[in-house]
Amino acid sequence: MTEYKLVVVGAGGVGKSALTIQLIQNHFVDEYDPTIEDSYRKQVVIDGETCLLDILDTAGQEEYSAMRDQYMRTGEGFLCVFAINNTKSFEDIHHYREQIKRVKDSEDVPMVLVGNKCDLPSRTVDTKQAQELARSYGIPFIETSAKTRQRVEDAFYTLVREIRQYRLKKISKEEKTPGCVKIKKCVIM
């Protein structure tokens, strides 16, 4: 069974935990309890393939920012979440993306931009703005509601598909590189 390491990032209070718990446990948590770091595992079938999702739900609060590098190193794909009623959380996405690229030392990291809380009438981030940002990053954009479960699965499953494409690209690039021999080094003590 293929395992996918997904990391949910974004500012505090945007609904990262609510999205994750909605996917894992099928219920909405409406009380806000700031996360330090929680890990969840769920077996799902995506496009006919049985997968194990290893989801890391992270702290949005600045006081935990020192922990970010560590979980960004281990993650394969990132859900970059903002709240559609919080412009600052949308502006913060740029910082998360830059940090991910720096830690992964790559321009090409599987990501999905997620605009959460689309059930709320008090929108401050226009859908077009978010679509344009996602297009400029070359990543998908999905609006979700953790409360109503709208497109929650879609967000996570789209990220898995992005990781699959990334893995395939990486394999074909390695096969096309002429004269490259993988050398594995072992140290026996």
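Glycine too: its Cβ is placed from the backbone N, Cα and C atoms.
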Which listed span Swiss-Prot calls region 'Hypervariable region', if the choices are 126-145, 166-185: 166-185
Given ranges 32-40, 95-103, 104-112, the stretch to which Swiss-Prot attaches the annotation motif 'Effector region': 32-40
Of the recorded positions listed as Met1, Thr2, Lys104, Lys170, the one whose CA lies nearest the CA of Asn116 (GTP binding site): Lys104
Structural state of Asp119 (GTP binding site), classified by DSSP into three states: coil
Residue among the recorded positions Lys16, Lys104, Lys170 whose Cβ has the most other Cβ atoms within 10 Å: Lys16
Recorded positions: Thr2, Asn116 - member with fewest neighbouring CB atoms within 10 Å: Thr2
